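See structure below.
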Amino acid sequence: MGIKGLTKFIADTAPNAIKEIKIENLMGRVVAIDASMSLYQFIIAIRDGDQYGNLMNESGETTSHISGLMSRTIKLMENGLKPIYVFDGAPPELKGSELEKRGEKRQKAEELLIKAKEEGNLEEIKKQSGRTVRVTKKQNEEAKKLLTLMGIPVIESPCEAEAQCAFLTKYEMAHATATEDADALVFGTKILIRNLNANASSNKNKNKNSSKRGYILTEINLEQVLKGLKLTMDEFIDFCILCGCDYCDTIKGIGSKTAYNLIKEYNCIENIIKNIDQNKYQVPANFKYVEARQSFIKPKVLEKSEVKIDWCEPKIEELKKFLIKEHNFNEVRVTNYITRLLKARKVTTQRRLDTFFTTCTKKSTKLIIEENQKEVLKTKSKGKKREINNDNSTKLNAKKKKTNVKDEKKNNEKVDEPKNKPNENLVKDEDDQDDYDQNIFDERTNSESGNIKNENVKEDISSSDITMDIPKCINDIVC
């Protein structure tokens, strides 16, 4: 379930924290993906025929999760992402009552699905089919095997996958968490990516507008959320518990807006309980908000030293055997997927320019480029001055020689007249007006982008000069 109404509340109250991005914006980024959520989406989305049944092999076993996972992973890699899949471990004890409720809802949906099939109600069949889906242990193991054979890193969380994903961003081992569960923000993920598998469905179920707009994702920035809501992380956690989470019941009569106002006034749940009118707001008898809070602050996750992220070469022959022989995939289709996989691996090895600079130095990319360009200008300025001085000397000698010839003629005609002195004003070269001022770079440069504004200055600095000097700058600052 995640946090009830959280995304909408953030969109309304802290709109700067949410933005739409294209998948290209994540090129070169490591993204920690909630594997269980992805498998659930694939099983729901990829259907066969009008009865909305899962894709199956000859043995009657579901293969929608395998087909979707393989296709989507390759697509992400083709767009330059480096996916890490994180699988759920044992569910926390606090989640027991929530899981029971989900089981009851699933059972009811199965009954409604049987009735819809008897009546031939296709719309109801589609609706209830999605509600009956659950990812089995066997499907999880098959997904892990597939990813391992593809050479994709797999991490098994001791508990909640989204919590482990969030901590990977805290460890700076991943850029973002990809899941539909907003509680990843409460676990502290720096960036939350939603809709990563939005286009995972078959052609029949695809959104026709998605291809026109491109592959659009939703990005939520936790730092901007806290800034926009003007809450500390501890206050944000208590706010989310009051909104409604998987770990405990909540106070009846309190929605997201009321919860936010109460947190702003009283700062924490303890103070809220002391001050609210309990006739108006019914506090649960066994309100385990303290345990829920601790589950968000200190969830069961692997420590940084325990996390092993291995990018391996695909095991092609084993992958073919797994797909073709064990799950009856079409051989031509599998060959096509493997060809795409091998090509996509080359794309994921490309590094982002900004991450390269970040790992080298704490200076910003803009500052490094500006400093490097100034060094180029300084060198060129010195060279230009030398040329001007040499040119001046040559012209001075020529003028002196010319003057001496004139003087000699005059001396021959008028011996009594003194020799003429060369006019110093004639020696001054009009090219001196173009002597380069080193400070001109700062005046003629766009401080935001580092691009040179003045075309004349731009002619003095060729793009090849700058690109040749930047690697030297990089080498100088690498630790």
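Here the Cβ of each residue, glycine as well, is placed from N, Cα and C on the backbone.
The annotation region 'N-domain' is assigned in Swiss-Prot to 1-106. Across the region 'N-domain' (1-106), the DSSP tally of helix, strand and coil residues reads 55 helix, 22 strand, 29 coil.
The Mg(2+) 1 binding site annotation in Swiss-Prot covers Asp34, Asp88, Glu160, Glu162. Proximity of Asp34 (Mg(2+) 1 binding site) to non-local residues of its own chain (separation of 6 or more, Cβ distance below 8 Å) is seen for Val86, Ala161, Glu162, Cys165, Thr177, Ala178, Thr179, Glu180, Asp181, Ala184, given in sequence order.
What Swiss-Prot records for Arg47, Arg72, Glu160, Gly244, Asp246 is DNA binding site. Take the CB of Asp246 (DNA binding site) and look out to 10 A: across all protein chains shown you find 22 other CB atoms.
The residues of the region 'I-domain' (124-266), classed with DSSP into helix (H, G, I), strand (E, B) and coil, number 75 helix, 17 strand, 51 coil. Feature annotation from Swiss-Prot assigns region 'I-domain' to 124-266.
Sequence annotations record features per position, and here Swiss-Prot assigns Mg(2+) 2 binding site to Asp181, Asp183, Asp246. The Cβ of Asp183 (Mg(2+) 2 binding site) lies under 8 Å from the Cβ of Gly2, Ile3, Glu162, Cys240, Cys245, Asp246, Phe296, each of which sits 6+ residues away along the same chain.
Marked as region 'Disordered' by Swiss-Prot: 378-460.
Look at Swiss-Prot and you will find 404-428 tagged as compositional bias 'Basic and acidic residues'.
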Look at each of the binding-site residues, Asp88, Glu160, Asp181, and point out the one with the fewest other Cβ atoms around it within 10 Å.
Asp88
Applying the rule Cβ within 8 Å of the centroid of the Cβ atoms of Asp34, Asp88, Glu160, Glu162, what extra residues of the same chain belong around the Mg(2+) 1 site?
Ser36, Met37, Val86, Ser157, Ala161, Ala163, Gln164, Cys165, Thr179, Asp181, Ala184
Neighbour count check, CB within 10 A, over binding-site residues Glu162, Gly244; minimum at Gly244
Measuring Cα to Cα, how far is Asp88 (Mg(2+) 1 binding site) from Arg72 (DNA binding site) in Å?
20
What count of other C-beta atoms do you get within 10 angstroms of the C-beta of Arg72 (DNA binding site), across all chains shown?
20
Separation of alpha carbons, Glu160 (Mg(2+) 1 binding site) and Gly244 (DNA binding site) (Å)
17
